[in-house]
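Features reported for this protein in TrEMBL:
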- E189: active site (ACT_SITE)
- H188, H192, H198: Zn(2+) binding site (BINDING)
- 95-291: domain 'Peptidase M12A' (DOMAIN)
- 1-20: signal peptide (SIGNAL)
Amino acid sequence: MNRFVQLVVVATWLVTIVHSGLILRDVNDLEEEEAELGEDEIDLSSVGTAIYGNPDEAVGARVATYDPETALVNVEELGSYAEGDMLITRPAGRNGMADVSTRWPGGQVPFVINGNFQAKDMQLIEDAFNEYHSKTCVRFKPRMGEKDYISIESSQSGCWSSVGRIGGKQEVNLQMPGCTTKVGTIVHELMHALGFLHEQNRSERDNWVTIMTQNIQRGTENNFAKASAKTTTAFGVQYDYGSVMHYSTNAFSANGKPTIVAKKNFSGNIGQRDGFSSLDIRKINLMYKCK
């Protein structure tokens, strides 16, 4: 094929491409576009495929013997799920990797109660809802046929939740009585459902805490992995020792010694489950653009 014919063939091919609506792009540009998330999307890649799995009755057995009066850890830290209590009970996303979830449109979260809860448990769930309703613009409302919703259940598999809105039915599990002892435990799991990860896994956490790796139970080291600053945000709110999303200082300890030590003075209870901190409220209101 001579030079003139080659040019004609290439020109014809380019014209065909243009008229078909296709656009040629650099591979790196495509990768960058795929890496960019929409404003309402939540990147789960820092958690990895560990977030996908099935409820574990062995976790339920540990929770069944949990005594909040004597325990050195929070009940949800007894879990074998991602970071203890994050679980999506469906196959992994594309290419077997954790994908993205989204925020709930307008902060409206439809829910159903499918657990066999007693009156006192239902009151605590209602109290947790009221924490959100009185301090944020997020609203948990009874499901009226919406496709996407949370189902609050009570299987013997511990305390756990999906992260963000993943589409269709998604569970928030609150095993009785361990997960329905403190309102903050329910608030914590609902914050996961809204799209929040754990406080001590923030990308800048090493400026605030020391992770005592020598005290961590073997096999749970990944629960302390830092999230990437490229894929997660705290909306400009500083690290919060008092967050209801923070682990207790002895979380996943192998020897009863601390796994998390604060680097700065803090007079409160790290890992408290009494309810929101003021910074928790600020982050929720920023994420959901509350007025």
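Cβ atoms are placed via backbone N, Cα and C, with glycine included.
Structure with TrEMBL features highlighted.
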residue: H188; record: Zn(2+) binding site; contacts (Cβ under 8 Å, 6+ apart): N74, E76, D85, V244, M245, R273
residue: E189; record: active site; contacts (Cβ under 8 Å, 6+ apart): E76, D85, C159, W160, S161, V172, N173, L174, C179
residue: H192; record: Zn(2+) binding site; contacts (Cβ under 8 Å, 6+ apart): D85, M86, S161, S162, V163, V172
residue: H198; record: Zn(2+) binding site; contacts (Cβ under 8 Å, 6+ apart): E83, M245, H246, Y247
Cβ-centroid neighbourhood (8 Å) of the Zn(2+) site, H188, H192, H198 excluded: E76, E83, D85, M86, S161, E189, M191, F196, L197, V244, M245
DSSP state at H188 (Zn(2+) binding site), helix/strand/coil: helix
Mapped DSSP class for H198 (Zn(2+) binding site), helix or strand or coil: coil
Local confidence of the domain 'Peptidase M12A' (95-291) - pLDDT mean: 96
